[in-house]
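According to TrEMBL, the protein carries these features:
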- B:20-42: transmembrane segment (TRANSMEM)
- B:82-101: transmembrane segment (TRANSMEM)
- B:122-152: transmembrane segment (TRANSMEM)
- B:158-179: transmembrane segment (TRANSMEM)
- B:191-218: transmembrane segment (TRANSMEM)
- B:230-250: transmembrane segment (TRANSMEM)
- B:290-309: transmembrane segment (TRANSMEM)
- B:321-345: transmembrane segment (TRANSMEM)
- B:366-387: transmembrane segment (TRANSMEM)
- B:407-430: transmembrane segment (TRANSMEM)
- B:437-459: transmembrane segment (TRANSMEM)
- B:479-501: transmembrane segment (TRANSMEM)
Amino acid sequence: MDAAISVSGLVKSYGRVRALDGLDLRVDTGEIHGFLGPNGAGKTTTLRVLLGMLRADAGQVRLLDGHPWRDAVRLHRRLAYVPGDVVLWEELTGGETIDLLGRLHGRIDEGRRAELVERFALDPGKKVRGYSKGNRQKVALIAALAARVELLVLDEPTSGLDPLMEAEFRRCLARRRDEGATILLSSHILAEVEALCDRVSIIRQGRLVESGTLAELRHFTWTSVTARLERPLDRLEGVHDLEIDGGTLVRFRVDSGQAGRALVRLAEFGLVDVTAQPATLEELFMRHYRQLPEAVAG
Amino acid sequence: MRAGAWVLVRFIARRDRGLIALWIGVAVALPLFNAYSLAALLPTEETRVAFAGMSAGNPITRALLGPVHGTSIESLVAWRSGVQSLLITGLGGLLFAIRHTRAEEDSGRGELVAARPVGRQAVVTAVTVLVAVVNVAVTALLTVGLSLGFGYPPGGTLLFALTVGAGGMAFAACGLLAAQVCQSAALARGAGVGVLVAGLVPGVVVPESWIGIFPAGWPRLAQAYGAERWWVPLMPLAFAAGLTVAVFVLSSRRDLGAGVLPDRAGFTGPVRGRLGSPLALVWRLRGGQVVGWTVALGTAAAGVGWVSASFELATLTRHTLLAIFTYVFCMVVACLTVAGTLRPYTEESRGRAAPLLAAPTTRARWLGGHTALSLGAPVAMLLAVGLGSGAGNALGTGSVGPLLTQVGAALLFVPAAWAIAGVTIAVYGLRPRVAVPVAWAAVVVSAASVALWEAGTIGDTAFLLTPFGYVHPSISSGFVVPAAFVVVAAALVVAGGAGFARRDLLA
C-alpha cells in the first residue's frame, strides 16, 4: 500500500533540547492512524515538521508526493489541519472565521460546511470572544472537515468537546475514511483511538517505540487468567505473577500466544472454571508510556 | 511563495479598518491642522519673518526640526510638520507590521494560517501591500488637502507628501524586519520604536551636514517649497526595498515561531525565590522589564549627560540640550508607565487572573501588587534618568552640581507619571474593555498638547492641566501643580480599585 506519510530518522532540536531523536513513522493511504505518546514526547513537533512549519535538522520526510518544507503550499491544498491549541481572532464571529480559513484553503465544500455547522450545533453568528473552549475547537474542526482534502492532520482534536460532540466527531471521521481520506490523529483518549484507528504509532522521547494495529500491539502483551481447579496445583511454568489461593484457585498472567500451554497444564488438574482477559488498552499504553528505569538512567 | 496573500490583504483590511482609518486620518490631519493654525497665527509676511527668526533662535525646535528654509506659509508648515508626520506614519506602519506578523505567530493564530496553502511570504507581502496602500492614500490626501484646501503650490506639496509617505514605508519595513528577527512581538515593538526614535531625534546631536543619512533629515533635505530635491523620497523607498528583501529572505527560511537569534536555553532549576505572594508574582512577571528599562534609560541618560557636557552648537547650549533630553526621557517613561500599568488587564483578559482570584487572594491584594509596581517603576526609571544624566554631565564638566539638579528635574515628573498610571488604573477598574485605547489616548492627547501649546493654540493654563505641562523646559511652575497631580493620581487609583472590587471579571 502507498504511504501518505513516511518519516525516517527525523531529528529536530530546539537549542540543546532534542525534541525528535531519529523518529520513524509510516502512515498508509486511506487509514486512520493514531499518533500517541506521553506529554512532551514530540507529537506536536512531528506534526509541525510534516506541515512545513519547522525545518527538520536531519532525516527523510515524505508527505503525499512531496517535501513538506519545499512543497508546502502545493501539499497544503491537499490537507487540512487542526492545531492542538486553537487560538482564533477574538473579534471575528465563528462563521467569519470558518469563511476566512476556507478562503485561504480554497477547496471548501459549502454543503458539507453547512451540514457540519448543523451537526456540531455551532452558533456561527457569535463572536469568538464569547465561545467556550469546546466551541472554539468546533470552529477549527469544521474548517478542517469541510475542506475537500485527502489528508487530515489532527492534533488532539476533541479536547473540550462534550461526549455528544465527540461521538459526532467520530462519525464524521469514519465517514471521511470511507470516502478515502487518510487521517493522522494525535490523541490521548484511548476509547477514541480504539474506536477509530486502524493502526497506531506510539512515540516516547522523540523516538518511535511501537507501531502496528491494536491487535498486533496486544500481541506483545499478556492475558490475565483466573481459574478454579478440582485438584490443588503447586507450580506452573511459563507464567507470571502466579498466585495460588487454597491450592485450587489460581491467578496468573501469561504472555500472548502462550495461553494454550498453560491451559493444557491446568486441564490436567481438572479445570472447573476459567476467565481470561486480554490486557486492557490502558495497561498496554501505560507500559509504553512509562519511562523505563534504564531510559531514565540513560 | 505568496499564495493566499490576496485573501490576507482583504482580511487584514477588514479586521483593521478602524485602525487604518485612524492611521490615515491622523497622518493627514496633522499637516492640515498645522496649515490652518499657522495661517491663523501668522497672517502676514512680517509675522512669518519674525516667527522664522524666533524659531531659528529657539535651540529646541531648531535641533528637532532643523533650520527654516523659507518664510512663505507653506514652507513653515512643511518645516513644522515634516518630523511629526514621519513619526505618525512611521509609528503606524511599524506597529501595524508587527501586529500582523510576529504578534499573530505569538498568539498561535499564525499556525492556523500557515497550515493552509499560504506561502511563507504571503503574510509579509499582504502587510507590505497594505502599508503601501495606506501611504499612497496619505500622500494623495495630503497633496489634495494642502493644494486644493489651502492653495499651496501642487509641486512642492506633492514632494512634501511623497517624503512623508516614503518615510512611512521605510519604518514599516523596519517593523517587518524586527518582527522576523525578534522572538516576541513585545521585543520587536521595543526594537522598532527604538529605531524610530533614534531615526527622528538625532538632530540634537548630529551636525546639520550629516543629518541626511537619518530619517529626521529627509524632510530637511527635500526642502519642499524651497530647493525641491525630488530625489529625496527615493532614499526612504530604496531603504524600504532593501529591508523588505531581507525580510523576504528571512521569512522563507526560518521556522514558524522562531527568531533569527537562537533560543535561550530554558531555566530548569527550581524557581528562584519563593512565589509566596501576589506581589512576588507581579515582580516575577514584570520585574525583568522594569529593571531592563531602568538600566537602559540610565545608560542612555549617562551618554547624553556626558556628550552634552562638551556641547556647544550655535545657540544650543549644554543646559538646553540636557533639558530637552530629560523631557524626552519623561515622555518615554510615561509610555512605559502606561504599558506596565495595563498588565493587569492583559492578565485578566487572558484568563490568568482568575486562577489567582479563585485561590484565597483578594482582588485588592492582587490589584494592589500590580499597582505597587506600576507606581514604583516610574520612580525607579526617573531616578535612573536623573542619576545617569547627572553623573554623565558631572563627569564631563568636572563639577558635582548637575547631579543634584538632574535628579531633581527627573523626579519632578513622578507626580505626572503617577497621574498617567492613575488614569490607566481607573479606566481598567471601571471600564476594562476600553482600558487600552483610553490609556494610550491619554498619553497621545498629552503629547499632542505639547505641540498645540508650542504652536500657541492652547494657553499656559490648559497646558498645565496635562501631565507634560509643568515639566516642560520652558515652563517653571511652583510645587502646587505637581502636588495637585499627586492628589489626582491618588483619587484615580482609589476609584479604579473600588471599581475593580465591584465589577465582573472579564471572560
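Just so you know, glycine gets a Cβ as well, placed from its N, Cα and C.
TrEMBL entries are annotated by machine, without manual review.
Worth saying up front: this structure is predicted, and the values here are computed from it rather than measured.
Across the candidate stretches B:20-42, B:191-218, B:321-345, B:437-459, B:479-501, the maximum count of CB pairs under 8 A to the transmembrane segment (B:290-309) is reached by B:321-345.
Spatially, the transmembrane segment (B:20-42) is adjacent to the transmembrane segment (B:437-459); three or more Cβ-Cβ distances between them are under 8 Å for residues at least 6 apart in sequence. Using the rule of three or more Cβ pairs under 8 Å, pairs at least 6 apart in sequence, the transmembrane segment (B:191-218) is in contact with the transmembrane segment (B:321-345). Remote same-chain partners of the transmembrane segment (B:321-345), defined as residues 6 or more beyond its termini with a Cβ less than 8 Å from a stretch Cβ, comprise 59-60, 63-64, 197, 201, 204, 285-286, 289-290, 293, 297, 300-301, 304-305, 308, 311, 353, 366-367, 370, 373-374, 377-378, 381-382, 385-386, 389, 393, 402, 406, 409-410, 413, 416-417, 420-421, 424-425, 428, 432, 435-436, 439-440, 442-443, 446-447, 467-468, 471-473.
Residues 34, 37-38, 41, 61, 80, 84, 331, 334-335, 338, 341-342, 420, 423-424, 427-428, 431, 466-469, 472 of the same chain lie 6 or more positions beyond the ends of the transmembrane segment (B:437-459) yet place their CB under 8 Å from a CB of it.
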